[in-house]
Amino acid sequence: NSSRVKEFILLGLSENRGVQKIYFVVFLLFYTLTVAGNLLIVLTVMSSRHLNSPMYFFLCHLSFVDVCYSSVTAPQMISGFLVENNTISFAGCIGQLFGFHFFGCTEIFILTAMAYDRYVAICRPLHYPMLMSRRLCGCVVGGCWAGGFLHSTLQTLPTALLPFCGPNKVAHYFCDVRPLLHLACADTRAASLVAVANSGVISLSCFLILIASYVVILVSLRGQKPAGWHKALSTCGSHITMVILFFGPCTFVYIRPSGDLAKDRSVAVFYGLIAPMLNPLIYTLRNGEVKGAMRKL
């Protein structure tokens, strides 16, 4: 169709040129820290003989996913602060939508797998080596990637097949389902419901599973000495922090049927860029083993 939109204009976070220059510096710094911090964790875990427990295997994958996840949207957003019109081709837009949901969903599943790992380590320590074997951990991570791929395909295909005949201004800093549905020249109620059911249910159900796992852990610690409590909470503390930072904003955006796009935009910055940046800090500041291995590296 000749009237089909060939490219989209991403409106970004602000129309004000002065504010855009400040954002450019801030987000370039954030993105650099995200990539450097997470790659440092990947290198540290891969090069250290001591960091070979399932917890670090999952952490290594989480950091790799964080680099990919933030790289799907951040470079386009940062370069967009310097140009008049931040354009993206139709194929690039659909690719960005796919990548964002693929890596985002994979991250959600890996965080859930990490909660199971903590549950087994604290509640069933004697069975830990058997329950969390290398083979099982490999299968779990493979399942996380496959689940992310399936979710993203189901999220992207219905949107990509919609007719877009103009306008072409996306009220966001990257191509996400909801802002694109606003631009389609068709009835998007069904696609909107699928999107909410898909993303919202995944983020909310995983969040509830995570909360339940921590309730079980806390209940199982009732008869423990204070030292046992301290050890358990210190291993879980960093994970709980990461889960709240990532799932809170993510669930807020995707669980509501039709939201305020301006609000979605500012909340998306949080789980799209700030949470991946804080991940290395959260895991290294609270973990002596990782800090020691990093010093050696």
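Cβ atoms are placed via backbone N, Cα and C, with glycine included.
Residues annotated as transmembrane segment in TrEMBL: 22-43 (among others). Cβ atoms under 8 Å from those of the transmembrane segment (22-43) belong to residues 13-14, 59-60, 63-64, 66-67, 70-71, 74-75, 77-78, 81-82, 273-274, 276-277, 279-281, 283-284, 290, 294, 297 of the same chain, restricted to positions at least 6 beyond its ends.
What TrEMBL lists as domain 'G-protein coupled receptors family 1 profile' is 37-283.
Within the chain, the transmembrane segment (55-78) has long-range Cβ neighbours (under 8 A, six or more residues past its boundaries) at 10, 12-13, 24, 27-28, 30-31, 34-35, 38-39, 41-42, 45-46, 86, 88, 96, 99-100, 103-104, 106-107, 110-111, 113-114, 117-118, 121, 134, 137, 141, 144, 173-174, 235, 272-273, 276-277, 279-280, 283, 290. Under the heading transmembrane segment, TrEMBL lists 55-78 (among others).
Here TrEMBL flags 98-116 (among others) as transmembrane segment.
Look at TrEMBL and you will find 136-154 (among others) tagged as transmembrane segment.
According to TrEMBL, the transmembrane segment annotation covers 201-221 (among others).
Beyond its flanks by at least six residues, the transmembrane segment (233-255) meets 55, 104, 107-108, 111, 114-115, 118, 121-122, 195-196, 199-200, 203-204, 206-207, 210, 214, 217, 264, 267-268, 270-271, 274-275, 278-279, 282-283, 285-287 of its own chain at Cβ-Cβ distances under 8 Å. According to TrEMBL, the feature transmembrane segment maps to 233-255 (among others).
Taken from TrEMBL, the feature transmembrane segment applies to 267-285 (among others).
Within the same chain, residues 54, 57-58, 61, 98-99, 101-107, 109-110, 113, 194, 198-199, 202 sit at least 6 positions outside the transmembrane segment (136-154) and bring their C-beta atoms closer than 8 Å to a C-beta of that stretch.
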